[in-house]
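To start, the structure under review is shown below, and the notes come after it.
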Amino acid sequence: MRLPSSIFVSVSLFTAETTAALYLSSTYSSAGDQIWQGLTLLFTLVPSVLVQLTLTFIHRDLSRDRPLILLLHILQLGPIVRCLEAFCIYGSVGRVEEPYVSITRKKQMPRGGQSEEVERQVGQAEGKLFTHRAAFARTSVIQAFLGSAPQLTLQLYICILQQEVSIGRGTLMVISLLSIVYGALRCNILAIKIKYDDYEVDVRPMAYLCIFLWRSFEIATRVVVLVLFSSVLQLWILPVVLLNFLLFFLYPWILFWQSHSPFPENIEKTLTRVGTTIVLCLLTFLYAGINMFCWSAVQVKLNDPDLINKSQNWYRMSVYYMLRFVENASLLLLWYIYKTDFYKFICAPLLVVKLLVAYAIAIFFMMVFYQFFHPCRRLFSSSMTEGLWDCSSLICLVCNSASPQNMPTGKAVLEPPSTTTPKEPANDGAHDTVSDTIEDLPNDTTYDMLNDTIYDIPDDMGNSIAGGVNGDICHTVSCNA
């Protein structure tokens, strides 16, 4: 059994960022900066409360008699206690023979067109440890995009306004950036393991490295662009942020309304309709927060039983990155036009080029990951390059169909119209071709991250554990061969 190192990293980042934020807020209080102190505490306490609620919800502590655990969560000490509990479970594995185990079957990655199925026994302690890993994987995403990302943006904005970087502020910014990148990395890995739950997924170190570099360049560039734009156009940053956030927040609800589907009732049996609505709003809220700073591999679909749209493809990813690149370039252009004298010691054109190149580097590492180091790339119906080539061909086809065809020359305009029957244009079927091309695009990277059954291990030794073993998953998702 693997050491629960991911749990330790998650708790370490959570504790370090909370401590640094509390120290920095005290310095703001001493300096009389009440606004900065309030915002710093807001971006610290709100995600902390959400993390406590998530851990309580996943472990179902409300339906179990554990008052001490609930009290520690109220005191915001839940992650630390859960981490200690996970390491205690890890240390107890193998010392006592467990009377009840479950059998799971996993496929190995196909070699030569064939895939072997391997059986494995999962003990009760191992099942509990999987539940802890699942819980902390989700809390890392919540902490990253609902706490660390806005915190990093705020502190970088304060650095520009005050024209200095204090030790406390710089420390908090570094920890926040690491927390965001780690949350994005956990989101990617968890999505892969859930999608390919039938297979033994082995993520190589080079895959981790590519994801880390991809997310680092992407998120850092996005934060710097937003801060630069807000430093010269303070009133316009609010519409930009709200437009991005509301677009991704309302998009799943609009699709749900258009589908005329019944209200989802299968999230949790103990939840009322009001509670289910709150959970769905928090889900779309997190989805919007992720897409604000980077590409989310998970597309929420409220009218699906699993709440996840499994039809994600290269085309949607390409459209997102093209639009985001154009948006970043536009914001940098507006910053360059309206920049103040504060930036006179900075080579503004070179800074713009560096940021755009950094975002292009992020896209490059993303392509390298999917093309060479994705652990399940053998199961793709097409490679990354083929998918992007299909996308570029589709865009060219749309542009050609939108351009006027058979435009008359200047000489032809002066001639009287002919009475003969005009010939049918050769490109009348262009729109059908575009539609067919969209439908035939490969569906290579389908992710399902947010709806997997979590282990519920009762304390009674007479009950056996449930579930699978690949990243605390116990449902099956079909893969594209």
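Cβ coordinates are placed from backbone N, Cα and C, and glycine is handled just like the others.
Curation does not apply to TrEMBL; its annotations are automatic.
Annotated transmembrane segment per TrEMBL: 36-58, 166-185, 235-256, 277-298, 318-338, 350-373, in sequence order. Among the features that TrEMBL reports, region 'Disordered' is placed at 410-437. The feature compositional bias 'Basic and acidic residues' is assigned by TrEMBL to 425-434.
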Do any residues, 6 or more residues outside the transmembrane segment (318-338), come within under 8 Å Cβ-to-Cβ of it, and if so which ones?
221-222, 225-226, 228-229, 231-233, 236, 240, 291, 295, 348-349, 352, 355-356, 359-360, 363, 387-388, 391
Are there residues at least six beyond either end of the transmembrane segment (350-373) with Cβ under 8 Å to its Cβ atoms? List them, or say none.
204, 206-207, 210-211, 213-218, 220-222, 224-225, 321, 324-325, 328-329, 332-333, 336, 383-385, 388, 445
Same chain only, please: residues at least 6 beyond the ends of the transmembrane segment (36-58) with a C-beta under 8 Å from a C-beta of the stretch. Say none if there are none.
14, 17-18, 21-22, 24-25, 28-29, 70, 73-74, 76, 78-79, 82, 131, 134-135, 138-139, 142-143, 146-148, 150-151, 154-155, 158, 282, 454
